[in-house]
Each structure stands twice: as structure tokens, then as C-alpha cells.
Amino acid sequence: MEAGIVGLPNVGKSTLFNALTCSQSAQSANYPFCTIEPNEGIVSVPDGRLEIIASFVNPERILPAALKLVDIAGIVKGASEGEGLGNKFLSHIREVDAIIQVVRCFEDDDITHVSGKVDPVNDIDIIETELMLADMQMLDNAIGKAQRTARSGDADAKKRVAVIEKCQAHLDKEEPLRKLELDKEEAKIVNGYGMLTAKPVLYVANVDENDLTGEGPLVQQLREFAEKTGADVVPVCAKLESEIAELDQADRTEMLESVGLEEPALAVLARAIYHTLGLQSYFTAGVKEVRAWTIPVGATGPQAAGVIHTDFEKGFIRVEVYSLEALQEHEKESAIRAAGKLRIEGKEYVMQDGDICHFLFNK
Ligand code: GDP
């Protein structure tokens with residue numbers, strides 16, 4: 001799972017990236033383009049259920065789900081034309097599953113805003129326009145090749161040409177591709193071209209230290225805008241989070257409490273990414289390891305098994321499932337079984353978030 005952090009320069013992307021990855025590798029400074037190369041970091045997805053399961057199972061190790069974050073340098077007006085560091089950056093987000101756009105919602109006269117004014121919706125508009133222009137260019141480049149191949153009678157290439165033309169017509173209306181209805185096959189083609197505006201997006205409102213829950217007018221503007229497009233908004237104070245991230249565990253908890261936050265930004269953001277991408281978790285709980293696995297909401301038993309190993313999906317026989325509540329009540333798998341709370345589910349079973357699973361399969 002990969003997410004790319006985008007935004008105008010000086011909105012707090014590097015500060016957020018550093019806070020999330022606890023790394024000080026990305027330089028943060030008050031001038032545009034300080035992040036020359038994209039920074040990448042892998043973070044564990046926080047999930048309190050893992051520790052609870054582990055407290056009963058006592059495994060050798062706990063393996064949370066992993067999330068790769070890519071910090072893309074600032075996109076400015078004209079980026080798709082090569083302004084700033086332009087296209088080079090945009091190519092770094094072709095691979096990601098989701099886009100996190102950091103939107104400045106904090107006022108600070110000492111920190112320059114590229115448009116001279118803090119205006120969340122306008123900022124989103126600038127970025128979205130650049131991403132749409134980059135997609136248009138990409139499609140203009142791709143269509144020639146697809147047409148040449150299609151002329152030789154290649155059916156796949158004909159389909160590609162049709163999909164490209166459909167996307168071009170949509171982008172001409174200044175609409176991002178995530179709003180275009182595509183069937184499965186078309187979506188796969190669009191994905192293959194790494195279309196930026198086809199990727200799900202969520203907004204991080206980089207809020208003021210005295211507006212941590214994002215009640216201020218700037219965040220409200222952003223929320224109203226996002227509601228119309230169905231995107232999530234997560235208020236985060238990047239500056240405060242980066243200070244919290246530098247503390248050791250005990251001080252961190254104390255600091256979070258003192259500012260009235262229940263958990264660090266990474267936990268909130270990870271949940272929002274799961275929501276945006278339509279994902280959920282299930283767990284395996286053995287003495288060797290307690291582990292979280294990421295699956296799409298609606299995945300069946302065999303599909304969930306396939307995330308562990310493709311052979312598991314092919315050879316799936318059944319899955320034994322119990323809930324975290326059953327574990328907390330009965331403490332041991334044998335006791336859960338004895339209490340009749342260990343369910344045996346077959347190929348049609350639709351996985352539920354938080355299922356604790358043991359798969360049986362043919363080798
Ligand atoms: P980037 O260009 O988007 O990566 O922005 P940076 O992370 O480098 O941040 C630009 C400047 O804004 C730095 O001086 C940060 O300390 C400052 N900054 C980042 N987040 C906040 C915030 O939440 N509040 C305030 N007041 N300043 C912030």
C-alpha cells in the first residue's frame with residue numbers, strides 16, 4: 001500500500017512526512033522546493049487490536065500492516081509544463097494507490113504562501129489542474145502508440161484507444177478521472193497508465209496549533225468542498241505532530257493528552273487511507289506471530305487467504321474465524337471453540353473487519 005503526499009510548496013508536506021515517519025531525513029525549510037528528491041518512508045499502520053490479541057497469544061513477534069509514504073516536492077502552477085521541478089515530481093506519484101494532499105489551513109505571516117493568501121479550495125484547484133494537465137499530456141503521448149498498434153488489428157490496443165479517448169473527453173471538461181465511470185477492464189487500463197487524477201484522494205488540513213480539531217473557517221471551507229466530492233478531510237497540525245514525534249513514548253502520550261489528542265496523526269491518517277481505499281484488516285494469531293493483513297472491504301475468505309499466499313486462495317478449503325471480543329472473553333482459542341464461538345466459514349464467506357482467522361487449505 002502506497003500513498004503519495006502532494007501539495008503546494010510551504011504547506012507543511014515535509015513537516016508532516018517527518019512526523020509520520022519519525023525521520024528527520026526530509027529537510028524542512030521555509031522556501032519552495034526544499035524537497036528535491038522524493039522521500040520515501042515505510043511506516044507501520046497503528047492498530048491497537050494487535051496488542052490486545054498479542055496479550056493473549058504471547059507471540060514471538062507482532063507484524064502490523066505496512067504503509068509506504070512518498071513525499072513529493074511542491075507542485076506549483078505550471079508543474080505539468082515543467083515549472084518548478086515539474087513533471088519529474090509528477091512521475092513519482094504514478095505508482096501510488098492514493099494521494100494525500102496537504103492543504104494549508106494555518107495562518108502564519110512568517111511563512112510565505114505561493115499564492116500570497118491562505119485559501120484551501122483555491123490550493124486544491126491549482127493542484128488538481130496540474131494533475132489533470134499531466135494526465136492529458138500522458139494520454140496525448142500514449143494515444144499515438146495505441147493507435148498504431150490498433151491499426152494492425154490488435155483488439156487490446158483498440159480497447160486502449162477507446163479508453164484513452166473516453167478519458168481525454170472527460171479531462172477536456174476539466175473533470176478529474178476519479179469522477180469518470182469505468183468498468184473493470186477500463187479501470188485496469190487507466191491504472192496501467194498511472195493516471196494521477198484517477199487515484200483516490202484525501203485531504204490533510206494542516207491546521208493551526210490552536211485549532212487541532214479543525215473548527216476554524218479555513219478547514220470548514222475545505223470540508224464543504226470535500227463533502228461534494230466525497231473525499232475525507234483529516235485535520236492535523238504538522239508542526240505539533242513533528243514535535244510529538246521527537247519525544248520518547250512516555251512523553252509522547254503525556255503531550256498528546258495535554259493538547260487533547262487521543263492518538264498521533266499517523267493512526268488517524270492510516271484509518272482515513274483505509275477508508276478512502278475501501279480497505280479493512282483481518283488478523284492471524286499464532287505463537288510465532290500475530291499479524292495484520294489488509295484486504296478490500298467485501299473480500300471473501302479465499303481472497304483474504306490469497307493475500308497471505310496465492311496458493312492459499314487456490315487451495316482454500318475453509319476458514320476458522322473468531323472475534324476479538326470472543327478472545328477477550330475466553331482468552332484461548334480452545335476455550336473459544338468449546339464455547340461454540342469459533343465459526344467455520346466456507347468459500348462464500350465475506351470477511352468482516354477485525355476477524356481473527358485460521359485458514360485451512362489444500363497444498
Ligand atoms: P513543504 O514545502 O510543503 O514541504 O513545507 P514544509 O514542511 O517545509 O513547511 C514549510 C514551513 O511551514 C516550515 O517552516 C514549517 O515549520 C512550517 N509549518 C509546517 N506546518 C506548520 C503548522 O502546522 N503551523 C505553522 N505555524 N507552521 C507550519
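Any Cβ shown, glycine's included, is placed from N, Cα and C.
TrEMBL entries are annotated by machine, without manual review.
Pulled from TrEMBL:
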- 1-256: domain 'OBG-type G' (DOMAIN)
- ASN10, VAL11, GLY12, LYS13, SER14, THR15: ATP binding site (BINDING)
- 278-361: domain 'TGS' (DOMAIN)
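Along the domain 'OBG-type G' (1-256), the predicted structure has mean pLDDT 85. Here the binding-site residues are SER14, THR15, and the one with the most other Cβ atoms within 10 Å of its Cβ is SER14. The most crowded of the binding-site residues listed here (ASN10, VAL11, GLY12, LYS13) is LYS13, judged by how many other CB atoms sit within 10 Å of its own CB. Under DSSP, residues within the domain 'TGS' (278-361) fall into helix, strand and coil as 26 helix, 33 strand, 25 coil.
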